[in-house]
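Per Swiss-Prot, these features apply:
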| type | residues | note |
| --- | --- | --- |
| TOPO_DOM | 1-16 | topological domain 'Cytoplasmic' |
| TRANSMEM | 17-37 | transmembrane segment |
| TOPO_DOM | 38-78 | topological domain 'Periplasmic' |
| TRANSMEM | 79-99 | transmembrane segment |
| TOPO_DOM | 100-158 | topological domain 'Cytoplasmic' |
| COMPBIAS | 125-135 | compositional bias 'Gly residues' |
| REGION | 125-158 | region 'Disordered' |
| COMPBIAS | 139-158 | compositional bias 'Basic and acidic residues' |
Amino acid sequence: MRWLPFIAIFLYVYIEISIFIQVAHVLGVLLTLVLVIFTSVIGMSLVRNQGFKNFVLMQQKMAAGENPAAEMIKSVSLIIAGLLLLLPGFFTDFLGLLLLLPPVQKHLTVKLMPHLRFSRMPGGGFSAGTGGGNTFDGEYQRKDDERDRLDHKDDRQD
């Protein structure tokens, strides 16, 4: 059981290298490298743009008192898809593109929705207090008294 992560990493690297060699054989090495860089740029922009858009949508649902769990699952799947596209390799790109498909996102939402709980805190996160305690409201005015000051002669020569 403790060898399972090592075997999984080895299989992942083997699959990525095998696919990379096959694609480079068909398209050429330069075009293959350009394709890998292109998918990384797409992944980076996807994480930045779609993640922020879904975060705003989640906040709107929470403000309306609705359950934002579906948007949370969609946001997480978009972020994971973007990260998979960001990693170099065609196998991770394929998995990332799968997570971008709406039927896959819907299937994930249906499977994960029963495991998520949503609760809303009444009154928001912060309260202003009831005004109790020993707080007094008042005004003051500063008056300088000349008697409290010592006169000092300046003997310096300019």
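Numbering starts at 1 and runs along the chain as it is shown here.
Cβ atoms are placed via backbone N, Cα and C, with glycine included.
The model shown is predicted, which means the values in this text are computed figures rather than measured ones.
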Folded-back contacts onto the topological domain 'Periplasmic' (38-78), same chain, C-beta under 8 angstroms, at least six residues removed: 84-88, 93, 96, 99-100, 104-105, 108-109, 112-113, 116, 118, 120
Summary of DSSP states over the topological domain 'Cytoplasmic' (1-16), given as helix, strand and coil counts: 13 helix, 0 strand, 3 coil
For the topological domain 'Cytoplasmic' (1-16), distant same-chain residues with Cβ under 8 A (at least six beyond the ends): 89-92
Secondary structure content of the topological domain 'Periplasmic' (38-78), with strand meaning DSSP E or B: 36 helix, 0 strand, 5 coil
The topological domain 'Cytoplasmic' (1-16) [mean pLDDT, rounded to integer]: 91
